[in-house]
Amino acid sequence: MLFDQIASNKRKTWILLLVFFLLLALVGYAVGYLFIRSGLGGLVIALIIGFIYALSMIFQSTEIVMSMNGAREVDEQTAPDLYHVVEDMALVAQIPMPRVFIIDDPALNAFATGSNPQNAAVAATSGLLAIMNREELEAVMGHEVSHIRNYDIRISTIAVALASAITMLSSMAGRMMWWGGAGRRRSDDDRDGNGLEIIMLVVSLLAIVLAPLAATLVQLAISRQREFLADASSVELTRNPQGMINALDKLDNSKPMSRHVDDASSALYINDPKKGGGFQKLFYTHPPISERIERLKQM
């Protein structure tokens with residue numbers, strides 16, 4: 001059951017990434033069709049933009065991410081309990097020892113960052129260290145180490161980059177339509193009098209309008225799948241599903257973080273640091289903790 005869940009989550013993530021690339025290609029084709037008379041040309045430009053966005057975000061410095069979240073680096077002497085747990089989990093996962101940071105915040109939370117295991121780092125809040133017992137801390141750090149081992153940060157970064165590229169292209173198309181670019185193209189098409197041209201025009205406009213929302217939803221779906229995968233992978237490392245369940249239960253009852261957390265960093269944390277309600281739940285980067293616990297109970 002454990003390995004079935006891991007395989008299923010990986011498969012769903014790759015399907016969602018494929019959908020992402022198709023969305024980017026669709027928007028690029030639509031913009032190219034409407035404004036440069038070449039759908040293929042627009043598609044190529046869109047893929048190049050997405051690639052550049054992804055590269056620039058993947059190589060973002062770990063120091064920048066940690067600084068944005070108010071984290072300070074610790075070592076074996078200054079935080080031995082946390083350091084040794086991370087060391088144990090990294091050893092079991094067969095990855096290099098990540099750098100270790102602490103965030104001074106009473107809320108219970110943790111995250112990992114780094115585009116690959118060689119430059120990875122993990123961070124935990126002081127509140128997490130004060131409340132979690134050894135088994136629960138192992139489960140949380142197993143979750144974060146699993147993100148590193150599974151290259152989740154890189155995958156999530158690619159998803160954010162593709163979503164940003166799609167939004168940028170759609171916004172650019174909107175401004176061009178505002179200044180009359182689409183109107184000139186439409187006039188040319190009307191003179192051609194081709195029904196297929198009209199259909200293509202409508203489809204292109206719909207793609208430009210709806211793609212940013214679709215991209216956001218796909219990005220969130222990828223983030224949720226990686227959380228499920230990291231939970232299951234943590235159990236694989238610790239061989240202790242109850243430890244993960246108990247940790248998640250405590251995380252669920254934790255208050256939001258006291259410091260401001262930007263949207264990009266929010267997706268990194270094991271527990272949504274903002275904990276909004278109502279309509280905001282549709283755009284959560286994390287699946288409900290109750291659902292995560294239920295999946296663990298099924299193992």
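Even glycines carry a Cβ here, placed using N, Cα and C.
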Among E63, E227, E291, E294 - the residue Swiss-Prot places in the same Zn(2+) site as H143, H147: E227
Rounded distance in angstrom between the Cα atoms of E144 (active site) and E227 (Zn(2+) binding site): 10
Positions on the same chain near the transmembrane segment (198-218), where near means CB under 8 A and six or more residues out: 16, 19-20, 23-24, 26-27, 29-31, 33-34, 159, 162-163, 166-167, 169-170, 173-174, 182, 185-186, 189, 283
Residue numbers, six or more beyond the limits of the transmembrane segment (158-178), whose CB comes under 8 Å of its CB atoms: 16-17, 20-21, 23-24, 27-28, 30-31, 34-35, 46, 49-50, 53-54, 56-58, 208-209, 211-212, 215-216, 218-219, 222-223, 264, 267
H147 (Zn(2+) binding site) - helix vs strand vs coil (DSSP): helix
